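Just passing along the structure, written as structure tokens.
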Amino acid sequence: MMHWLKNIVSLKTRAYINDYCKRNGLLTLSVFAVVMGCVLGFVLRSLNLSTQAKIYFSFPGELLMRMLKMLILPLITSSLMSGLSAMDTKASGRLGVLTITYYLWTTFIAVIVGILLVIIIHPGTGSEKEGHHASSGPVMTSADALLDLIRNMIPSNLIEATFQQYRTDLLPIVQNSDVKDSQANYVYIMPDYHNPQLGHPVFLEITPAPDIKYKIVPSTSKGMNVLGIVIFSATMGLLLGKMGERGAPLVNVCQCINECVMKIINAAMWYFPFGIVFLVAGKILDMHDPAHLGEKLGMYFITVMCGLFVHGLILLPLFYFFFTRKNPFTYIRGLLQALVIALATSSSSATLPITMKCLLENCGVDRQIARFVLPVGATINMDGTALYEAVAAIFIAQVNEYDLDFGQLVTISITATAASIGAAGIPQAGLVTMVIVLTSVGLPPADISLIVAIDWVLDRFRTMINVLGDALAAGIMAHLCRKDFEKAANNGRDTVISFGNQSVAMSDAPLITHRCDYVYEVDGDNVLEKPVACYNLCQV
């Protein structure tokens, strides 16, 4: 049978199929897994599974999320420390300024796109609130949210920052007012229906409501404080680079951890298609009636999707072409695996290991640049989230028939940009920061419930745009800063390691599994032999 197949299929076709499977086999399986998950989810909805059955069914998808989240902390710390320690101080400073400026600019552009589309399409027209929303009390102000963002930049405890972050809470304190001073009695004359000339006196005693004051108390919320860890790791990396020889042992440890994480990712990649099927299907099983959601929030969904399409597939590639003069879609083709994982997990932080792998292996981005730009981008670059928050705020205003003036639109644009920076790279984090945007223009925060039902779908698409923006930024920075790194490579001092027949720079050294034979220090045209420094884990 196999011999017969070999005779039919030409050698050229077999070579093409083999090459395609090697390059795009995993990507094809991942896309197929997303489609299979959607089909399986809608088929199983007819069975009306119990809550416990849904939990058991979603277990393989839960394992996928846990596996990805497990790698976030070691990848961020090792990437930033090893990447920045190998950079020249001037080059790293220029890269940092350009990266953060570009991220803020693209986020602001995304907000403007969202505001323009929601004003043009006007999805809130004809939509009505359902049910009664109970008052949720006062919520955190924009000033408190900004202060929390700054506090999270400098965590008081690094170990604590790995699993929770600081948050300001408002604690209600009930103060009973003095009844004697505030009591008011009224006498009403009610008409008598049998004899309109007469009336019945009604005595009404009004008890005043208790006086409630809110006290600001420090609190914490679950979830890794990625912003604080990024800033600490970047600071450590810059200082390790300045320490030179004394910092080399810790840099070597970080490089080893980074490479081990990438090897774990390579091994775990083949589990992803299986996990994606159950992750997507489980979410569809939890979804409310799709027909009712489409009728109520269809135009809102279309508005957000149009904004993400314009920003992600028109503006961001245009920025890439403008800065690099290269075809952006050839570059994006190498990122498809990361985009599929972002669609399935709806977490830019969980997708970070896959994005790093795609940039290094498919897009040819410099390792040092990718190690800095991607972790920072996964923390502060939330283009899709910022666009969604602006659209959602104006949609809620339209539902409430609340006309926003130009000043309030400017307030929404600035607040949505700032709030997206503070949004954690976890599923549905945008809903938390959405409260800040609504309160900035006096809209009721309880109305977030209008869009919660469809948020999980939009969350996946805006995460794709967040990941795409990070990756395109890495390509732009690699082009803009290439001369700085060429100068650093030509003029700077670097350590060359020789093992076997290979010689590589210390900054790009892989995980070395056998003893170093020779170590030389290259300073311009001079080559100096150095004693071999052997470090073990205890000494480090």
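From the backbone N, Cα and C atoms, a Cβ is placed for every residue, glycine too.
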Looking at the ranges 68-87, 328-347, 468-487, which is given as transmembrane segment in TrEMBL?
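Based on what TrEMBL states, transmembrane segment spans 68-87.
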Based on Cβ pairs under 8 Å, which of the stretches 68-87, 102-121, 223-241 lies most in contact with the transmembrane segment (297-323)?
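Answer, by Cβ pair count: 102-121.
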Same chain only, please: residues at least 6 beyond the ends of the transmembrane segment (68-87) with a C-beta under 8 Å from a C-beta of the stretch. Say none if there are none.
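Contacts of the transmembrane segment (68-87) (Cβ under 8 Å, skipping residues fewer than 6 from its ends): 95, 162, 224, 226, 229-230, 233-234, 236-238, 240-241, 247, 250-251, 254-255, 257-258, 260-261, 264-265, 341, 345, 347, 349-354, 356, 367-372, 374-375, 378, 485, 488, 506-507.
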